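Visitor: Pasting in a structure now, in structure tokens, and then I'll have a few things to ask.
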């Protein structure tokens, strides 16, 4: 700790008042921390001006993808995701941390194994990816409770406010998680360059103080006190200016906001609502935070999907490649310097970690699928945009202008937004004025260039903007010292390979394009056809015009080779950095970008490095693929692909070419229906001999829950007793007086929940669920009861996660789970005494490896039978495909072996038949991890991907199912299969399985 001088204390006071330290560099104002102790650490690492961040003194555009490590509980797969994001041209990943998974019991912070952050930091560094850390404490994220642990329902204070009880509840978590993040900061050699306190702190109701500077300052101070010294950034839910620099107490260093402009209506994926394209972001930014780089911390890259929704394939169609072309280029038109796409890889809501508004899959329609595939066209389109930005540092120096329908394009049907450089290059973003238009619009452009104002095309013809498309036309674009006066075709990338320069341009089908280059040399077509191609020299300028074709053309002008491609062809090109060795990939910088090569190779290129006289590529293939290397270093002679020396040819343009043969292995998967299934009745609670004396008594006279007063004599809110996840079971005991004829009960489990009720062994009925219902009131007719006899009501509730808490003051997260009210006809409610259970131990959860949310309250779960090697030898043999003949819950377990060949990434899925018969619910456990909740009558999910590492691809696996029949005729699985999709020949390192502890008898299990 440093003793602060009087001046330093004055600076701290200035910071509290909203001041900042400024100095000038190359005409731009750099902003640094006003705390000199922190500035001493930061000034050479992460600073910023009004244009962009500087990292290690270099101006950098942050192009980032959102990834949640907790949604992929196989740390050895994180590198795969990072490398696929790096291949997009991105340089950063943003991540949330889910508090509920790390502090399942108040005061006990556990971040080990799959939940440890350090391995995430390590692989980010290995992949050359910076990190934006977003640990909350509130994260939203479509996570149960918005990331809040269930025990916060008992906190006597308003959440996300400066209420002392809430602040105290957050202290332990933030102290630990922020300290871990601090160790991973760039100042300590780690990848973390930004930290976000809180999340979408943007609105309030219900008399909550908002914005509450004291609250935000407390969250900021928590982080700083734990060692966070990187700049703090926020994500306002809209352009509200909350907590922007200069707003006073609770202000962040860099203001950012979110935007989901297309909304979440995946049921109508082709509908783009009128007026949803942002047009004022630049103006808003200049009003709210003109001294910081324009930052979009969450911009839409997909959509959530509710229970009963159309499915994530429809969400991927809604936020598709066309969306990316129009909306992301629109973001660039505002001068976005920090752009994070939510989600870039979604993952899975395994182990009950999701909120009630979503199901097991968190695919999100993202560029990377839930199973980590990169087969969606939107991934390829995003790669074009990402690599363009990476190759265009002058973009950050250009000043965004006002959009206009006149002055640049010759038709008002098009809108142009200029980003004008001062001798450093300009960019013109063109879109349809009606952004929803699907028309093909011809146009010409009037462009201000270093050669004067030019109307293009100059050599005849017109340009075309197809429907739901957008283009970035460059002017005075620097390609290693060669000035591209203009190009109407879009830039993918360019490289300087010493003796030659390469520029890759592309256009859409049926388009005509033109470029002008400041060179005196003649034009040569060195590859491809001369047809539909023309050129003309005008003084010291060469003008080239062509029609886009699927066949590649290479045009040479002096030492510049220009590749003219169509969009679908350029999807197969990659720009890996050329690393020094195979141990890690450097962070994106001017140097590493300049050292990159260009590879045409189909599915995926991960890395490239040189060793001795060899060029080594690591790449994945899903088909026999021609491979080309453009710009191989002059000192290498040999080519290795995935470690194998590969013969190649060199053409007249110096391009290496070879072919990688693909022959998919035969993947033999076990038949699920033919496994040796063992069966156990897992609703033993309805048996007349069942003893619940070991169960917790629901005997609280009051509830600490401040949201909803009790409407029962004793609290029946599950979180009051430490049960926050999965299935709940209640047992209500009463002595009949003979007057009881009906039982009315209101249960609450969240959207799409279900419940069933028994009186002794008599099934009374079920609420089978609807997405629209978070709670439901049911009335059941009782069989004849005998006066003086003991009876037990057994109520089973499937909880779907806790509500999020997005609006401050609502305390929605405190919406209880369990029984809200009940009425036994003819009796006072106090005539029933209750017991309840959820997962064994509640907050003293048994399975520290799989975490506090993974298992619920069924008998088999409480015993741990869902784990590998349960004591099933003497259990009955029965199959879930035969199922149950009456209401209840069956537990089925079986083992099987897999022998998936190494060197292949083979996505595996458990598929359920889509039944239209009686309603039932299934939980899928794989090697102890709950990896699926299937609800037959609601859907939409029927296919559940389970990653390698949860599944043992070379070894023994255990699968367990809980089958809950909600209706009187029972239920069975129509079908249940393990299937694979296309095997990918991969360079991915060996996958280490996540820990899968076997069954051990649990002390105190009931």
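Just so you know, glycine gets a Cβ as well, placed from its N, Cα and C.
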Visitor: Per Swiss-Prot, which of 96, 294, 328 sits in the substrate site along with 140, 141, 142, 199, 260, 364?
Guide: 96
Visitor: Would you mind checking how many other C-beta atoms are within 10 angstroms of the C-beta on residue 914 (N-linked glycosylation site)?
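Guide: There are 13 of them.
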Visitor: Whole-number Å only: compute the distance from the Cα of residue 298 (active site, nucleophile) to the Cα of residue 315 (disulfide bond).
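Guide: Cα to Cα, residue 298 (active site, nucleophile) and residue 315 (disulfide bond) are separated by 17 Å.
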Visitor: Let me check the 10 A CB neighbour count of residue 142 (substrate binding site). How many other CB atoms are there?
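Guide: For residue 142 (substrate binding site), the 10 Å Cβ neighbour count is 24.
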Visitor: List which of the binding-site residues 96, 140, 142, 199, 260, 364 have their Cα within 10 Å of the Cα of residue 315 (disulfide bond), in sequence order.
Guide: 364
Visitor: Please identify, from the recorded positions 140, 422, 760, 777, the residue with the sparsest Cβ neighbourhood, meaning fewest other Cβ atoms within 10 angstroms.
Guide: 422
Visitor: In Å, rounded, how far does the Cα of residue 622 (N-linked glycosylation site) sit from the Cα of residue 364 (substrate binding site)?
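Guide: With distance taken Cα to Cα, residue 364 (substrate binding site) is 23 Å from residue 622 (N-linked glycosylation site).
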Visitor: For residue 315 (disulfide bond), which of the three DSSP-derived states applies: helix, strand, or coil?
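Guide: Note: residue 315 (disulfide bond) is helical by DSSP.
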Visitor: For residue 199 (substrate binding site), which residues in the same chain are close in space, meaning a Cβ under 8 Å from its Cβ, but six or more apart along the sequence?
Guide: 96, 134, 136, 138, 139, 140, 141, 235
Visitor: Give the three-state DSSP assignment (helix, strand or coil) for residue 914 (N-linked glycosylation site).
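Guide: Residue 914 (N-linked glycosylation site) sits in coil per DSSP, no helix or strand.
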Visitor: Can you check which residues sit near residue 205 (disulfide bond), meaning Cβ under 8 Å from its Cβ, same chain, 6 or more apart in sequence, and list them in order?
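Guide: For residue 205 (disulfide bond), the qualifying residues are 807, 808, 809, 810.
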